[in-house]
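Shown next, in structure tokens, is the structure this report addresses.
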Amino acid sequence: MPPKKTETKAADASAAAAPAPAAAPTSAPKTKSPSTHASYLDMITDAIVALKDRAGSSRQALKKYVRANNTLGNVTDNMFDSLFNKALKNGVDKGVFEQPKGPSGGTKLAKKVAKPAPKKAAPKKETKEKKPAAAKKEGAAKKETKEKKAPAAKKAAAPKKAAAPKKEVKEKKAAAPKKKAAAPAVADKETVLTKTKSGRVAKSTAKPAAAKKAAAPKKAAASKKAEKAEPAAEKA
């Protein structure tokens, strides 16, 4: 029995040393061959332009043109019909194609409606340029007001020239008393005491020098009368 155990161990070791079976080779990814034709939408558009049917080209006529003028490769009839119908429907939905009589009628290109040109907004730079112009106008107005104020100040200063004659008037008024003082002073009239016949003393104002000269003889006569009157008084 013990020899059997050794045999089993040797068999296990040989099995472990044996190389593992090689994995199956993976298949290379399938690459799609590039299409040698345009999209179905473009091919249908070219067919409509080439056929030039005013009422619209039929579906069968379009299919024949697409097959005859494009290399579609290994495409089955069923695949071609599904791709063609799908492209035609998408073109109608997008507004590229037009079917006036419905899906069973002819197909033609939709008329392009000219879109109105968007209105251009007024440039904002013009408003920015106008503001400095307004500021300049305000500055010019301020300068004009300043210039106007300056002549007003000059006009206010003008009365100073008119004030000069007042000094001359004052000087003339002050000079007026001098003229009065320069006038010859009136001499006080001299009073002369004379005695009347009754013996009373009478006061009389003296006349000017010329008058005094004329009155001189009268004084002599008066003195004679006084001398005569004194002896008479002594006798009495």
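Each position is counted from 1, following the chain as shown.
Positions of Cβ are set from backbone N, Cα and C atoms, glycine also.
Small disclaimer: the values here were computed from a predicted structure and weren't measured.
Copied over from Swiss-Prot, here are the features:
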COMPBIAS  1-10  compositional bias 'Basic and acidic residues'
COMPBIAS  11-36  compositional bias 'Low complexity'
COMPBIAS  109-122  compositional bias 'Basic residues'
COMPBIAS  123-150  compositional bias 'Basic and acidic residues'
COMPBIAS  153-162  compositional bias 'Low complexity'
COMPBIAS  165-174  compositional bias 'Basic and acidic residues'
COMPBIAS  202-220  compositional bias 'Low complexity'
COMPBIAS  224-236  compositional bias 'Basic and acidic residues'
DOMAIN    36-111  domain 'H15'
REGION    1-36  region 'Disordered'
REGION    94-236  region 'Disordered'
(message) As a quick check of your reading of DSSP, tell me how many residues in the domain 'H15' (36-111) are helical, how many are strand and how many are coil.
(response) 41 helix, 6 strand, 29 coil
(request) Compute the average pLDDT of the predicted model within the domain 'H15' (36-111). (result) 89
